[in-house]
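Colleague: Have a look at this one before I ask anything.
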Amino acid sequence: MSANGPSHPARELKAGGSLSGHVKVPGDKSISHRSLLFGAIAEGTTTIDGLLPAEDPISTAACLRAMGVLISPIEAAGLVTVEGVGLDGLQEPAEILDCGNSGTTMRLMLGLLAGRAGRHFVLDGDASLRRRPMRRVGQPLASMGADVRGRDGGNLAPLAVQGQSLRGTVIGTPVASAQVKSALLLAALTADGTTTVIEPAQSRDHSERMLRAFGADLQVGGEMGRHITVRPGNTLKGQQVVVPGDISSAAFWLVAGALVPGADLTIENVGLNPTRTGILEVLEQMNAQIEVLNRRDVAGEPVGDLRITHGPLQPFSIGEEIMPRLVDEVPILSVAACFCDGESRISGASELRVKETDRLAVMARQLKAMGAEIEEHEDGMTIHGGRPLKGAALDSETDHRVAMSLAVASLLASGDSTLQRSDAAAVSYPSFWDDLDRLRC
């Protein structure tokens, strides 16, 4: 059920108690999307173990099925198979491609479809997705010859893509965005000539790792791996993909374990890709009691188990440099800041204003309802920690990461809370509420 669908009763959030035990978080959302997309345009069968069975990857699968790709049902704890149609085998769909609430689906689809010469596609989504900016993808694609049109000069869905023969080029992206980069890399696979994408800072690199594993001629160079070059012509081959646990979902348990008195949690099989581990760097800055256990490599991605125990936390300051490595963790870090004695500062986070919600405004509004002292800035917030939070009537405002962040805050409140639209968590973590109940003690 979409968080924007029929309303559910407010969930009661009980304060107090502790947390103990082991938990496996769902498969990484970024890798889940990409394994479906790359498997679809490969030749042969791709099997995916651990794919996230949540709304966003299901939207990606539905779009691919509408273009003739055979994908097995996506179910919890099941293997998913994708029967690839090759680089140019996607069919023109008979219907609008519904991306649901998933910005990743829409942005990566733009890159995937821009070079399907002679075919026409229309992409749409829910009310939230229709407000999210898409020109950041459409504009650089246009420099390759793409034809993407939509509301607000091609910035807002619904979007129409008229497939074209694309040309390779050198493209500098204005922001360090893995979605923008990945869309351009997908387009580059069928372009006429070499394409180089240059980022202002390195963003998560799952696409580069996976495309090479599937057989693409892709090179990474330049300072900090910010120049990515694709030479078209190679055939992609189906692969066996193992999806590690999503560190963005693990972040809720990491912060909860650090904050809740007596807590001792181990999060198993978490992806530790260095472009995603900003949350661990900040927790270390806060003096959190965290251990990385059983480090290993699984299908080209570093993986480990994370143990976190309760202890006092120091205030922190994060800015633009680290933001690409933890942009999805800012909501839960704003909760952590409320329980540090002193002032914490988050800056360089203006990207959060165009996520599923304006996450800076929503987190400030909801935490203030609990008694937090927060000053909101254009690109972040200042949080004056150490003040007790009280139970309150809360609302996820349809955002999955807000819902789970507020759940953690409610554990530390002086009284019980209620949460409207708690079902939003299913977008990335369908079993979150069950896991929370199981870990409480």
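Note: Cβ is positioned from N, Cα and C throughout, glycine not excepted.
So Swiss-Prot says this about it:
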| type | residues | note |
| --- | --- | --- |
| REGION | 1-21 | region 'Disordered' |
| BINDING | Lys29, Gly103, Arg132, Gln179, Arg359, Arg401 | phosphoenolpyruvate binding site |
| BINDING | Lys29, Ser30, Arg34, Ser177, Gln179, Asp328, Lys355 | 3-phosphoshikimate binding site |
| ACT_SITE | Asp328 | active site, proton acceptor |
Colleague: Residues with Cβ closer than 8 Å to the Cβ of Ser177 (3-phosphoshikimate binding site), same chain and 6+ apart in sequence?
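Modeller: Listed in sequence order, they are Arg136, Ser203, Pro324, Glu351.
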Colleague: Listing them in sequence order, which of the binding-site residues Ser30, Arg34, Asp328, Lys355 have their Cα within 10 Å of that of Arg132 (phosphoenolpyruvate binding site)?
Modeller: Lys355
Colleague: Can you figure out which of Ser30, Arg34, Asp328 (the binding-site residues) comes closest in space to Arg359 (phosphoenolpyruvate binding site), comparing Cα atoms?
Modeller: Asp328
Colleague: Using DSSP with the three-state reduction, classify Asp328 (3-phosphoshikimate binding site) as helix, strand or coil.
Modeller: helix
Colleague: For Ser30 (3-phosphoshikimate binding site), what residues in its own chain, 6 or more apart in sequence, show a Cβ-Cβ distance under 8 Å?
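Modeller: Correct list: Thr104, Ala178, Arg204, His206, Asp246.
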Colleague: Taking Cα atoms as reference points, which of the binding-site residues Arg34, Asp328, Lys355 is nearest to Arg401 (phosphoenolpyruvate binding site)?
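Modeller: It is Asp328, whose Cα lies nearest.
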Colleague: Express the distance between the Cα positions of Arg34 (3-phosphoshikimate binding site) and Gly103 (phosphoenolpyruvate binding site) as a whole number of Å.
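Modeller: Answer for this pair: 13 Å between alpha carbons.
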Colleague: Around Lys29 (phosphoenolpyruvate binding site), how many other C-beta atoms are within 10 angstroms of its C-beta?
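Modeller: Neighbour count, Cβ to Cβ under the 10 Å cut-off: 24.
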Colleague: Distance check, please: Cα of Lys29 (phosphoenolpyruvate binding site) against Cα of Asp328 (3-phosphoshikimate binding site), rounded to an integer number of angstrom.
Modeller: 11
Colleague: What is the biggest Cα to Cα gap, in Å, among Lys29, Ser30, Arg34, Ser177, Gln179, Asp328, Lys355, the residues listed as binding 3-phosphoshikimate?
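Modeller: So the maximum pairwise Cα distance among the 3-phosphoshikimate binders is 19 Å.
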Colleague: Judged by the number of other CB atoms within 10 angstroms, which among Arg132, Arg359, Arg401 is the least packed of the binding-site residues?
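Modeller: Checked Arg132, Arg359, Arg401; of these binding-site residues, fewest Cβ neighbours within 10 Å: Arg132.
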Colleague: Measuring Cα to Cα, how many Å separate Asp328 (3-phosphoshikimate binding site) from Gln179 (phosphoenolpyruvate binding site)?
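Modeller: Computed Cα spacing between Asp328 (3-phosphoshikimate binding site) and Gln179 (phosphoenolpyruvate binding site) is 13 Å.
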Colleague: Between Gly103 (phosphoenolpyruvate binding site) and Lys355 (3-phosphoshikimate binding site), what C-alpha distance do you get in Å?
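Modeller: Here the two Cα atoms are 8 Å apart.
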Colleague: Check Gly103 (phosphoenolpyruvate binding site) against DSSP and tell me helix, strand or coil, would you?
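Modeller: DSSP call for Gly103 (phosphoenolpyruvate binding site): helix.
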Colleague: Taking the Cβ of each of the binding-site residues and counting other Cβ atoms inside 10 Å, which one has the highest number: Arg34, Gln179?
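Modeller: Within the set of binding-site residues, the most crowded position is Arg34.
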